[in-house]
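Take a look at the structure set out below.
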Amino acid sequence: MWKGKNVTVFVTGGIAAFKAATLVRLFVKAGANVEVAMTKSACEFITPLTFQVLTKNKVHIDTFDEDEANKVQHIHLADQTDVAIVVPATANTIAKMANGIADNFVTSTLLATTAPIYVVPAMNEHMWENPATVRNVKQLVEDGKSVIEPATGFLAEGYDGKGRLPEPEEIFEQVTFFESRREYKSPLEGKTILITAGGTKERIDPVRYISNDSSGKMGYALAKAASILGAKVQLVSTTKQLKVPYGVQVTYVESALEMHDAVTQLFPKTDIAVMVAAVSDYYVAKRSNQKIKKQQNESGLMLELLENPDILKKLGHSKREGQVVIGFAAETTNVLEYAKAKLEKKKADVIIANDVSNSRIGFNSDHHQVTLLTKDGHIVNLPEKSKEELALNIWESLLEEKIIH
Ligand code: PMT
């Protein structure tokens with residue numbers, strides 16, 4: 001998303017200014033052309049040379065440093081900026097921005113740009129809570145600027161409080177999320193989407209379980225894409241290993257029965273349910289509370305397995321008018337034939353079939369290839385891609401096929 005975009009980072013004078021260097025690096029790594037403008041106070045905390053080396057661009061500080069006769073530097077930068085980020089934003093710069101004051105290179109460029117502006121404040125807690133700052137921040141929001149709230153934690157003053165600059169990775173994630181939303185124009189806005197992810201674990205004893213190779217990556221990718229496309233997303237996940245995408249709510253479960261309970265509770269408030277999780281068909285009838293000892297006989301250990309509820313089938317058979325239920329089918333042979341049988345048996349609106357005999361895609365891989373089978377008999381083949389890219393294609397296909405209105 002950042003390749004070829006012009007990102008301008010405005011650094012103002014606070015102790016957190018050093019963190020702006022990491023943020024700049026993240027944008028450069030993502031393919032953006034990054035320009036940096038600094039206030040004179042910011043230069044007391046970090047040198048312009050750091051940013052020049054990171055961006056390979058000259059850093060802008062002085063409004064009257066007009067070394068190119070055919071350009072007015074701050075207007076030129078304002079016009080070429082696609083996204084502006086003020087980081088850290090001091091109470092002083094926030095006050096100037098809220099009142100349209102343009103008395104240095106940073107504030108003049110910010111007043112002149114029509115690009116989206118993200119403001120990331122960092123300051124002492126009492127300065128953040130001061131009625132003047134509260135008023136100014138409110139004004140910025142009313143003026144259409146996006147304010148990324150400061151974090152709570154250990155402040156430079158030696159005590160805990162609100163006012164810390166969020167970590168650069170978090171700022172990068174939030175800005176990327178909101179810019180992606182802007183780019184995709186939120187076609188899923190107003191929809192509540194429930195997605196399951198990961199392989200369930202059926203406990204045998206406190207240290208052993210029956211599970212499968214599902215990593216949860218496909219479910220998380222669909223959740224991230226749905227959130228970018230404007231939906232409110234609730235993820236029911238068996239894994240805690242993956243980063244929860246920005247804006248997504250998560251409920252952690254372990255077994256199929258726990259997943260069944262969580263999904264059943266959330267389903268009535270859901271518009272679209274997508275069952276990506278690899279759910280165990282059976283659970284161990286008698287779970288031992290103690291670690292099972294090696295058996296001293298030759299017949300080995302017998303485990304009695306009982307059938308788990310079929311969650312997808314239950315949703316398909318109980319959905320109300322307007323609710324959409326989508327399942328996956330993980331097959332190793334006769335992929336489309338078995339997927340079609342699942343579509344009918346489980347009364348799903350769509351089954352997304354994948355051939356899990358191919359180790360390059362499917363379980364625990366970063367890539368995937370799927371075929372959508374709709375209840376109207378349409379078949380949509382989506383070619384192999386990264387799970388993140390494919391997830392966007394899946395939502396786009398569901399919209400094109402009018403499965404989602
Ligand atoms: O997690 P990853 O590593 O990224 O891998 C992705 C994936 C391979 C797990 C995914 O693409 C996939 O195929 N998910 C479905 C796995 C599966 O259990 O398929 P199934 O054919 O056994 O089940 C069919 C459908 O019924 C699935 O939507 C499943 O969630 C659902 N089901 C199954 C059993 C059960 N008791 N209840 C269910 O709801």
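Note: Cβ is positioned from N, Cα and C throughout, glycine not excepted.
Bear in mind that TrEMBL entries carry predicted annotations, made automatically and left uncurated.
For Asp281, Lys291, Pro309, Asp310, Ile311, Leu312, Phe328, Lys342, Lys346, the entry in TrEMBL reads CTP binding site. Within the same chain, residues at least six positions away from Ile311 (CTP binding site) with a Cβ under 8 Å of its Cβ are Thr196, Ala256, Met259, His260, Val263, Thr264, Met275, Val279.
Per TrEMBL, the feature domain 'Flavoprotein' maps to 5-175.
Marked as domain 'DNA/pantothenate metabolism flavoprotein C-terminal' by TrEMBL: 188-399.
For 1-192, the entry in TrEMBL reads region 'Phosphopantothenoylcysteine decarboxylase'.
For 193-405, the entry in TrEMBL reads region 'Phosphopantothenate--cysteine ligase'.
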Could you state, as a whole number of Å, the largest distance between Cα atoms of any two of Asp281, Lys291, Pro309, Asp310, Ile311, Leu312, Phe328, Lys342, Lys346, the listed CTP binders?
37
Restricting to the same chain and to sequence separations of six or more, state which residues have a Cβ under 8 Å from that of Pro309 (CTP binding site).
Ala256, Leu257, His260
